[in-house]
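As recorded in Swiss-Prot, the features of this protein are as follows:
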type	residues	note
COMPBIAS	116-165	compositional bias 'Low complexity'
DISULFID	C68-C84	disulfide bond
DOMAIN	33-95	domain 'Chitin-binding type-2'
CARBOHYD	N29	N-linked glycosylation site
REGION	116-220	region 'Disordered'
Amino acid sequence: MKSVFVCTLVLALAHHAFAGVCDSNVDYNSTLITPCLGNDIIVLWPNYLNFNTYYKCVEFGKPQLMDCPPNTYFTYYFQQCTGCDNFIPAPTCEYLKQTTDVECVPLVKPTTAAPTTLKTTPSKTTPIVTTAPPSTPVPSTIVTNKPDPTTPKTTKPPKVTTTVNPSPPTGTGPATNAPSSDIPLPPIASTVNTKYPTPPGMPPTPPSFGTPPSIVQLQN
């Protein structure tokens, strides 16, 4: 009965002090490590570094970090994620250790270093002027295509064949069988006879005879 009264008092004070506050101002010095043994396996445990997450025992000796839905925070007293209006900061690890098997370890909070402003003095810079050496134009070479020398073709003149008839032998050789110029030539007719005698005419027409008498046939 006494423990129930103490829990009710803690809930009332926490709800009165932190109701409607999503960012808790409670200063936690330690965080818990749950071995997930015994009845602790059915309990959801707070993560003091980030109330958007919590620990759940998926099996004996194996806690797993779970995420709350967006814009919700884990409330240990309700064992669920709630909105800002119903958020209640979790009790300290030392308080939970009195009734559970959790272990408390020192909480190392990340420190945020203050931003440092570095003053920089612009140094005077002297512009460096570089003079480019004069460029010598490179003579351009014009390549011209020279026509190939052509060799004129020489045409050979056609061969001329000369037939030389042998000249008759001259001199004092033996006599040949050449015709003698003393033989007289045959006579040549002065007029060709183109008239031939006309053949005789047709024989005279034979005399005509009278019509023969008709033959009378005798009847038996």
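The backbone N, Cα and C atoms fix where each Cβ goes, glycine too.
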Assigned element (helix, strand, coil) containing C68 (disulfide bond), judged by DSSP: coil
Neighbouring C-beta atoms (10 Å sphere around the C-beta of C84 (disulfide bond)): 13
Assigned element (helix, strand, coil) containing C84 (disulfide bond), judged by DSSP: helix
